[in-house]
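What follows is a set of notes on a single structure, which appears directly below.
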Amino acid sequence: MKIATWNVNSLKVRLPHLLRYLEADTAPDVLLLQELKCQTEDVPRAEIEALGYHVEAVGQKTYNGVAIVSKTPISVVLRRLPGDEAADEQARYLEADIADLRVAALYLPNGNPVETEKYPYKLRWMERLADRAAALLAEDRPFLLGGDYNICPTDADVYDPVGWRDDALVRPESRAAFRRLLHLGLTEAFHALHPHATRAFSFWDYQAGAWQRDNGLRIDHLLLSPALADRLEACEIDKEPRGWERASDHTPVWCRLRAA
DNA sequence: ATGTCATGGCACCCATGA
């Protein structure tokens, strides 16, 4: 089973890319999408379903928005990350059952600039995510939390660690919150299989020729529960879509799990 | 640190977020 995550930076603009990705013979069984930038009712369901996929989404106007696309039926469990959900109107979390697997598509707050309320919102959101992960672990359920974490776990995940030192994506508090997820018992799939990787990025800014210079960051991650980590057989970053015309600034990250 | 994009309200540019 192949599961991928991809921040498409506008589902409307990137629909041709999404369809091309889903039509390929390397297409994933499950795809987690972020930054739809459209309302739930504007998700192009018919085009996706025409390729034999199911789709569930939680969107909002202009910003955020996440979706789960799957070859087998999707049963939605949560449309918001628990904790503060009454006050948190941002569409950043969607959790669902796909057969006997629980998956969540998440779009973690960017958190910049750090001196604004955006940074504590990010850290608070990460606390809520850790609480949710702990609850799922307590249920002893196989699950995957995938998406745009907006965190570079270590300096190896940043093309210029010194220049990015004060950014919310690399700040020690952000990294500590990410490690807290791992310390609960989750496995970050790419790092587990490629612990010494260098320049393995999943995002390249549109500005300053970042893609052409390979000035990237690794901020898109797949976190696995213990039972799924035991089944992990491959995890790669598919750089090809980042090179397509009018690309998203992110590229897909995927993993393959052995049959249970 | 910025050589870019996408959005929406408003009006055919500009602010905002990333």
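Cβ atoms here come from the backbone N, Cα and C positions, even for glycine.
Among the candidates A:Glu35, A:Glu117, A:Glu127, A:Glu173, the one that TrEMBL lists alongside A:Asn7, A:Asp148, A:Asn150, A:Asp249, A:His250 as binding Mg(2+) is A:Glu35. Other Cβ atoms within 10 Å of the Cβ of A:His250 (active site, proton acceptor) number 25 in total over all chains. Here the C-alpha separation of A:Tyr107 (active site) and A:Asn150 (site 'Transition state stabilizer') works out to 8 Å. Every protein chain shown contributes to the tally, and the Cβ of A:Tyr107 (active site) ends up with 25 other Cβ atoms within 10 Å.
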